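Visitor: To start, I am sharing the structure in question, which I have written as structure tokens.
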Amino acid sequence: MVKSIFKLSPGVQSYDWGKKGSASLAAQFGKSSVEGFEVDEEKTYAELWMGTHPTLPSKLNDSTLLSDYIKSDNSLVGEKVIKKFEGSEQGNLPFLFKVLSIGTALSIQAHPDKKLARKLFDERPEVYKDPNHKPEMAIALSPFLAFLNFLPLPVLLLNLLVVPELQPIIPSDLVTKLGASLTLPTTPSPDPFLYQPIVTPPTDEQKAILKQIFNALMSADKDTFTAAIRSLVKRYKEGQDIHESERGLVDLTLMLNDQYPDDIGILCVFFLNVVEMKKGEAAFLEANSPHAYIKGDIIECMATSDNVVRAGLTPKLRDVPTLIEMLTYESGPGNKQLLKPITFGDKDDASKLYDPPIAEFSVIKVELSSGGKTSHRKIEGPSIAIITQGKGSVSLQDDKVDFSRGEVIFIGADHEVTWEATEDLEIFRAYVEAS
């Protein structure tokens, strides 16, 4: 008989940017949920993967692949999901669920949309390993810092005017063109008050100028940008001639240079929003949007893909031409990327829904005090839940699973479930529903 609710054994990824040993949440949760997993205190653990992606697929406790188990009984996925998402009848979930523990900054990157993902996969399958797009959502489990999309254009223009190290890299005619498009001065010693953030979207002309500016940065000659970064770092360390608009970026710039010395991505502090997220805050990142996670712990959910186009802050392959061409060149305040949760269900204060504007996934956060209980309506698709704090149980009909921090649960489609807490409980549940 096929079970509709059971524990999963996820996978743990070790990347250089992860946190070391037991400091990593990915390692802590892996020790709870992966049979035989032992934490090496000298190793960096970056990600816990929960899903059916072939790179690191989840398994049942008897080592059966989750995808094979789902394939054996499609009722676990549900008819509506099978009709909407290609490959789901073969046991492939349309989303990939993760926990990330970020010790050093990830690369300056973007993820392709479906059309570009197919093209990249067809042309370079050894680099871009699947044909799917990868919109993603990050929910902070701790204070979290990230680059999220381009700065409002007036702020970016001010940086180009007051940071002397950018002037050998960005042609002055582009700075002049950007200023003219914004009807802002590009003279020396600008008044910062004039360069306030704007929330109106950039025009097509401004996007074209921004593309040229970012291309000039990311395609700069190595000797030129290396000299610029070393001059910048020296100036910041000495604490001299720092414009007031730069002051909030000094510590981050020096930290990034310590992690990736002389890397062109360091200069992205003057081009991308630096966003600080509190625990529980979420950001949604559309395809073709530049970003980089800098430090902290997050829940991450995305369409099932591992496609990343990188251009800075990384020892991995950089594909600058593809990145420059794929970006949408939207810009605006960093909080524009944030996604506010709403109540899940009519009167359920214990469950909050993070619902991004894409079909592949949504995430519910459940918080219960010890002794508390809450129920979730039937969801017409499969879901995966991870317990990030506490102990408790989840039940449907006559089936009940007890769990504790770090364990991972699969729940099949079309079942109402009840959560109970024996200790203060925090759960994140990712699901797909083809409405």
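Glycine too: its Cβ is placed from the backbone N, Cα and C atoms.
Note that TrEMBL annotation is computational and uncurated.
What TrEMBL records for ARG310 is active site. Per TrEMBL, Zn(2+) binding site is recorded for GLN109, HIS111, GLU136, HIS291. Residues annotated as domain 'Phosphomannose isomerase type I catalytic' in TrEMBL: 5-151. Sequence annotations record features per position, and here TrEMBL assigns domain 'Phosphomannose isomerase type I helical insertion' to 203-272.
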Visitor: Residue counts in helix (H, G, I), strand (E, B) and coil for the domain 'Phosphomannose isomerase type I helical insertion' (203-272), per DSSP?
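Guide: Secondary-structure breakdown of the domain 'Phosphomannose isomerase type I helical insertion' (203-272): 52 helix, 1 strand, 17 coil.
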Visitor: Would you kindly give the Cα-Cα distance separating the residue listed as 'active site' and HIS111 (Zn(2+) binding site), rounded to the nearest Å?
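Guide: Their Cα atoms are separated by 9 Å.
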Visitor: According to DSSP, how is the domain 'Phosphomannose isomerase type I catalytic' (5-151) divided among helix, strand and coil residues?
Guide: 41 helix, 42 strand, 64 coil
Visitor: Within the same chain, and leaving aside GLN109, HIS111, GLU136, HIS291, name every residue whose CB is within 8 angstroms of the centroid of the CB atoms belonging to the recorded Zn(2+) site, in sequence order.
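Guide: Here the non-site neighbours turn out to be ALA110, LYS134, LEU285, SER289, PRO290, VAL308.
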Visitor: State the Cα to Cα distance, in Å, between GLN109 (Zn(2+) binding site) and the residue listed as 'active site', rounded to an integer.
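Guide: Cα-Cα distance, GLN109 (Zn(2+) binding site) to the residue listed as 'active site': 4 Å.
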Visitor: Can you tell me how many other Cβ atoms are located within 10 Å of the Cβ belonging to HIS291 (Zn(2+) binding site)?
Guide: 23
Visitor: Cβ neighbours within 10 Å, counted over all protein chains: which one of the recorded positions HIS111, ARG310 has the most?
Guide: HIS111
